[in-house]
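Engineer: First the structure, then my questions, so here it is.
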Amino acid sequence: MPAIIDKIAEALHLHKGHKHEETKPADTTSTETSTVDKPKGPVFDFNKVTVLFVLGGPGAGKGTQCANLVKDFDFCHLSAGDLLRAEQNRPGSTYGEMIRTYIKEGQVVPMEVTVKLLEDAMRASLNEKKTGQGWEDGKGRFLVDGFPRKMDQAIKFDEEICQSKMVLFFSTTEEEMTKRLLERGKTSGREDDNEESVRKRFRTYKEQTMPVIEYYNKTGKVAEIDASASIDEVHEKATQVVAKIFSGEVTHNTTT
């Protein structure tokens with residue numbers, strides 16, 4: 001749907017640049033000297049801004065665990081899904097209906113929208129000059145929840161927004177996630193917390209998000225956390241992993 005993508009890009013004031021492959025990073029060994037196709041450097045400095053991606057299947061408990069980690073480590077928690085849902089309901093949004101359709105169908109919203117929303121939210125948080133650990137001297141730390149869900153998102157964010165430090169991968173069974181989602185759907189009011197949408201979301205997760213986790217796993221940037229246990233037990237495991245990341249003890253694949 002290129003027409004939709006162009007409309008999104010125009011609405012977000014984006015400019016067309018080089019295209020990313022969905023299965024591998026862009027080739028950095030090219031001798032091409034044109035400045036038109038060269039990606040710009042990341043918006044945020046990796047040495048000052050820490051980004052942990054938080055991934056896992058629908059219903060794995062990512063949001064709940066992020067809320068706990070915010071209290072423990074003064075993170076700014078950015079949920080890609082929440083940002084998209086807020087944008088779809090924003091009066092005057094030129095692509096709100098498109099976002100609603102993608103979410104209802106369990107599909108991944110075009111990356112131009114999600115990446116831009118995340119960039120703007122990160123900039124706003126840094127401009128607030130928050131206090132707390134990890135926010136001194138222009139620094140910041142972010143939990144980016146439910147992102148990236150596709151390889152093109154992962155590559156674009158790392159190259160153009162900020163290189164991610166680690167992926168927190170909350171894993172559990174599809175049976176457990178389905179039970180949680182249908183229970184949540186009784187009170188959440190979310191359009192995608194129903195049996196039909198849940199099936200579509202699982203299919204999208206397996207086909208598009210699992211390859212992202214596998215990609216980062218090969219680069220040693222995945223910390224897998226078993227999310228089948230109770231909220232408190234998972235929280236304890238996640239806290240231990242994040243503490244080790246900040247202390248420099250976790251710089252490679254680990255499972256807890």
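Note that Cβ sites are derived from N, Cα and C of the backbone, with glycine treated the same way.
Owing to the predicted nature of the structure, the values given are computational and were not obtained by experimental measurement.
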Engineer: Write down the single range among 79-109, 203-233 that appears in TrEMBL as region 'NMPbind'.
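Structural biologist: TrEMBL lists region 'NMPbind' for residues 79-109.
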Engineer: What same-chain residues, at least 6 away in sequence, bring their CB to under 8 Å of the CB of Arg149 (ribonucleoside 5'-phosphate binding site)?
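Structural biologist: Non-local contacts for Arg149 (ribonucleoside 5'-phosphate binding site): Ala80, Val108, Thr204, Tyr205, Gln208, Thr209, Val212.
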Engineer: What does DSSP give as the helix, strand and coil breakdown of the region 'NMPbind' (79-109)?
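Structural biologist: Residue counts for the region 'NMPbind' (79-109) by secondary structure: 18 helix, 1 strand, 12 coil.
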Engineer: Which chain-mates of Gly146 (ribonucleoside 5'-phosphate binding site) that are at least 6 residues away have a CB under 8 A from its CB, listed by sequence?
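Structural biologist: Sequence-distant Cβ neighbours: Val54, Leu55, Lys62, Ser79, Ala80, Gly81.
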Engineer: Just to verify a number: CA distance, Arg184 (ATP binding site) to Arg190 (ribonucleoside 5'-phosphate binding site), in angstrom, no decimals.
Structural biologist: 9
